[in-house]
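Asks: First the structure, which I've put down as structure tokens, then a few questions once you've had a look.
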Amino acid sequence: MSWQEKINAALDARRTADALRRRYPVAQGAGRWLVADDRQYLNFSSNDYLGLSHHPQIIRAWQQGAEKFGVGSGGSGHVSGYSVVHQALEEELAEWLGYSRALLFISGFAANQAVIAAMMAKEDRIVADRLSHASLLEAASLSPSQLRRFTHNDVAHLARLLASPCPGQQLVVTEGVFSMDGDSAPLAEIQQVTQQHNGWLMVDDAHGTGVIGEQGRGSCWLQKVKPELLVVTFGKGFGVSGAAVLCSSTVADYLLQFARHLIYSTSMPPAQAQALRASLAVIRRDEGDARREKLVSLIARFRAGVQDLPFTLADSCSAIQPLIVGDNSRALQLAEKLRQQGCWVTAIRPPTVPAGTARLRLTLTAAHEMQDIDRLLEVLHGNG
């Protein structure tokens, strides 16, 4: 089989399964409204949970940062790309979340890959929730360590896997809020079992940070858990992009020596770090509380209105509200129907989610209004 035949076969298989991904160029895609092909849609696909991507203070901070520092960092943080603004953001994140240190990364994907690649050796074992994000599971699969997966949120299964002999160290990996189901991990129970077996815990809280807990401190703070490794990302609650790893001073020093994704990547622009500092300030103050409270009200309104629909509604109290329809083609048809009625919704299909669980991944944000939720419910009930 030639290269071209191999590529064609893979694409044909995706097409046949109604699983071929495609991108839609949008003129605006992160706020309450999505604009594509000169048409405006209510946007139920954005991860901008607090509606901060268009916040005037955050925009102004980025503009001022660009004027002062330029539009790029100029290099890796190990060379010339680590600015006083990066340092200030790391210190503010560490203080906010109760850690000694924070290290910035270009993306959550890079942060997860970097930590696992740097920390794990052949004699070690990773025990991961089987619904963990692709960045975590891919890094675990590519690492020299053994990978074992426990049934989603099943602490008893996790305990059994941890109890089996391991010559090295054990790292338990999970998410705070799961990206495709919107449910939360029982972090306190997971940490207890992990500590009983002398393991370390790594939590990716991409979808909880900024959105839940006191001052938006996220899933771990809410459940009174402090994992050895906490990954937070800035493309969701913060409304920007990038990520950070929160850890001890010793682990931070170790990652600065051995995390290749950090060492060999150009660091985020200082202007972006400036915008993230402004976003963090909004998240921590009363305005952040008001946005989180509004989001909770919107979620409650939506869940109350979909109980009688012929779909499986995931057990989620988060901004992620999946309607599981099962069949790929049906999910695509429903997403298209919603778009025709002015609601932009994304159909998520395998391999992103398990086979037979294709879904509409609906996301609600503080930028929405109650009438937006009512309109979505109207269309879902076939009255659009």
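Quick reminder: no glycine exception, Cβ is built from N, Cα and C everywhere.
Pasting the relevant annotations from Swiss-Prot:
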type	residues	note
BINDING	R21, H133, T352	substrate binding site
BINDING	G108, F109, S179, H207, T233	pyridoxal 5'-phosphate binding site
MOD_RES	K236	N6-(pyridoxal phosphate)lysine
Asks: For S179 (pyridoxal 5'-phosphate binding site), what is the tally of other C-beta atoms lying within 10 angstroms of its C-beta?
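Replies: Counting Cβ neighbours of S179 (pyridoxal 5'-phosphate binding site) within 10 Å gives 23.
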Asks: Suppose we draw a 10 Å sphere around the Cβ of F109 (pyridoxal 5'-phosphate binding site). How many other Cβ atoms does it contain, all chains included?
Replies: 19
Asks: Select the closest residue to G108 (pyridoxal 5'-phosphate binding site) from the following binding-site residues, measuring between CA atoms: R21, H133, T352.
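Replies: Out of the listed candidates, the nearest Cα belongs to H133.
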Asks: Show me the subset of S179, H207, K236 whose Cα is within 10 Å of H133 (substrate binding site); these are the recorded positions I mean.
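Replies: Taking S179, H207, K236 one by one, the ones whose Cα falls within 10 Å of H133 (substrate binding site) are S179.
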Asks: Which residue, of the recorded positions R21, H133, H207, K236, has its CB surrounded by the fewest other CB atoms within 10 A?
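Replies: Each of the recorded positions R21, H133, H207, K236 was scored by Cβ atoms within 10 Å; lowest is R21.
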Asks: Could you measure between T352 (substrate binding site) and S179 (pyridoxal 5'-phosphate binding site) for me? Cα positions, answer in whole angstrom.
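Replies: Answer for this pair: 10 Å between alpha carbons.
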Asks: Rounded to a whole angstrom, what is the C-alpha distance between H207 (pyridoxal 5'-phosphate binding site) and the residue listed as 'N6-(pyridoxal phosphate)lysine'?
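Replies: The residue listed as 'N6-(pyridoxal phosphate)lysine' has its Cα 6 Å from the Cα of H207 (pyridoxal 5'-phosphate binding site).
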Asks: Could you tell me the maximum Cα-Cα distance in Å between the residues recorded as binding substrate, namely R21, H133, T352, rounded to a whole number?
Replies: 18
Asks: Does DSSP put H133 (substrate binding site) in a helix, in a strand, or in coil?
Replies: coil
